[in-house]
Amino acid sequence: MTGWSGLFIEVPLYRLASKVCCHLRGPQGFLQRACQGVCCLPRDSRAAGIMEEKRKSFISQILILGEVLCMVDVSMSIKCGILFLLFGGAISNLGSPEHVTKWFWPLKEQKYTGMFAMTERGHGSNVRGIQTEATFDLDNQEFVIDMPCENAHKMYIGNAMHGNYAAVFAQLIIEGKSQGPHCFIVPIRDENGNLYPGVTAIDMMHKEGMNGVDNGILIFDKVRIPRENLLDKFGSVTPDGQYHSPIQSKNARFNAILATLTPSRLAVTFQALGAMKLGLMIAIRYSHSRRQFGPKDKEEVKIIEHQMQALRLMSHLATALAVTFTSRHADDILDEDIFQGRALTNSRSLQALMAGLKAYSTWETVSCLQDCRECTGGMGYMMETRISDLKCDTDVFVTFEGDNVVMLQVVARELLAQYSKQHKKNLLLGVIQNWTATAGDKLRTSFLAFNTDTVGCLAFLLKAVNFRERVLQRSLVSRIYYKVVTKKGDFFSAWNSCMHHVTSLSLAHIHRVALEQFTTAVRQCPNREDQALLMKFCLLYGTKLVFQERGWYLEHKYLTPKASMLIRAQLLNLCESVKDDALKVISAFNIPHITIRAPKTGIPNPGAAEAAYPAPMQPLVRDAARAQLAKL
């Protein structure tokens with residue numbers, strides 16, 4: 001399809017990605033080849049003529065390449081992310097220029113590999129509470145990395161069994177006082193792969209999926225590192241043992257440290273998208289080739305003709321498009337901020353968007369792949385189809401890089417902060433605006449309301465998702481205010497008692513942003529034929545959002561029972577109308593055929609020997625018995 005530039009993997013980048021993927025199919029050096037592809041991307045990109053400003057678009061290229069690599073092998077994509085986005089990102093975002101020269105450039109040249117050690121046995125999402133300690137030894141000008149208890153053991157650490165260095169988060173302690181979590185570069189293995197004294201690495205062995213990543217446990221027993229190994233962008237220790245930071249508040253400093261690491265959440269969104277698109281391509285291709293049932297005395301019909309098959313797959317395809325457009329939007333903002341040298345700590349709305357997208361996209365990926373598996377029947381259960389493999393590999397996406405419920409709390413806190421800031425500028429004006437907005441929403445749902453928008457049109461759907469977000473935001477503000485200010489309760493208990501409301505508001509916000517970005521993509525599409533098809537999927541996505549929350553809309557009288565039935569009918573009709581054009585859409589994903597390895601989709605791949613059923617070396621016992629029965 002034409003006119004989809006910037007929304008999917010563009011053709012020049014597809015060629016580069018396909019070249020990298022073909023390169024990766026070699027029998028040896030799988031991860032090494034992948035790392036080469038990531039490291040040499042700026043040079044290859046220039047040769048391919050992709051971008052004029054390679055530096056400005058470098059983050060975009062890395063994220064999209066991560067999406068493509070996830071289609072090849074999820075484990076490989078994740079391990080590349082560990083090396084360059086997590087470990088490398090910690091050095092470049094938390095370290096000084098000297099740290100970048102000393103650690104990052106050798107990493108890029110593949111002189112060593114690293115790992116990212118933040119999660120502990122006792123603390124995962126609550127990074128502030130980690131128990132690993134880095135105590136400054138003034139006499140020796142060293143930090144002593146130690147773990148006072150078993151709960152401080154670093155767990156689920158990717159590349160733990162092979163990495164040479166680790167970016168270790170620990171409480172920085174000077175003269176018995178903690179300055180909060182900081183990041184340190186700790187040597188793990190020498191050039192021969194031998195662990196340094198005081199370091200223990202334990203293989204966590206088999207997991208549900210992603211077994212190509214060597215997750216392990218790291219234990220430090222009084223490991224000494226030079227003072228210079230502290231990544232000191234937000235906090236440094238002088239030779240005389242004095243702590244200095246450009247940010248005086250410990251809480252603000254901690255938030256700044258974490259903010260610089262949030263781009264990895266957007267990377268997870270891109271990786272989830274890669275798995276989602278591949279699963280949909282396989283399931284949709286299969287549904288257009290497989291036939292089951294049909295009218296009496298007539299040919300069986302393709303299973304995509306069955307209503308539930310189309311409903312399940314087309315709804316997910318619309319969601320994949322919406323997440324694609326929204327993630328590209330977030331990527332553009334991130335790329336521009338980094339290119340202009342803006343601090344991510346000041347981009348709270350972007351942090352919230354990346355956190356919300358990570359939660360929404362990974363939950364949708366898990367749901368999508370489950371439906372893809374069911375829609376492909378027994379073949380979906382076979383490893384050769386790759387869907388079951390993708391399911392197992394991506395299940396962890398909902399908890400790593402931040403548990404999804406925690407991610408949604410990041411979104412809600414930012415929305416509350418925006419609400420508070422808006423009303424603090426001018427208290428009287430804020431009260432008036434709040435009153436008029438509330439009155440307007442009540443009028444909109446009263447018997448006096450006169451709705452000029454046809455139920456189900458794009459304008460109606462956009463207003464519906466905006467209405468839901470506004471109402472949930474005001475409702476959460478009033479609940480928190482009542483519990484904390486009126487009832488004098490503590491904030492933690494008040495927040496916890498509103499958690500269902502918090503997650504509902506955050507998802508409503510992401511739904512609204514996604515539908516608006518989808519609408520923008522439709523309007524910017526230069527090709528009329530493509531624009532018409534995109535509009536159908538945009539309507540389908542918006543209709544799906546309203547339909548899945550129809551109970552809430554009925555409760556708030558935004559929908560009447562009749563309107564709810566119209567929404568359901570529109571959802572079914574749209575799925576029916578786009579099911580044949582879905583082949584064009586998945587073709588526009590530009591997924592390299594070398595990555596698909598699913599013969600039942602009708603895509604030949606002679607390089608995928610593992611997807612074939614080999615002939616037995618000798619006749620099976622049951623075959624001999626069957627031959628005897630044939631003679632009787």
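Any Cβ shown, glycine's included, is placed from N, Cα and C.
According to Swiss-Prot:
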type    : residues                           : note
BINDING : T376, G377, G378, M379, G380, Y381 : FAD binding site
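Locations of recorded Swiss-Prot features on the structure.
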residue	record	Cβ neighbours (10 Å)
T376	FAD binding site	26
G377	FAD binding site	14
G378	FAD binding site	7
M379	FAD binding site	19
G380	FAD binding site	24
Y381	FAD binding site	12
Additional residues surrounding FAD, by Cβ distance to the T376, G377, G378, M379, G380, Y381 centre under 8 Å: R373, M382, T385, I387
G377 (FAD binding site) in three-state DSSP notation: helix
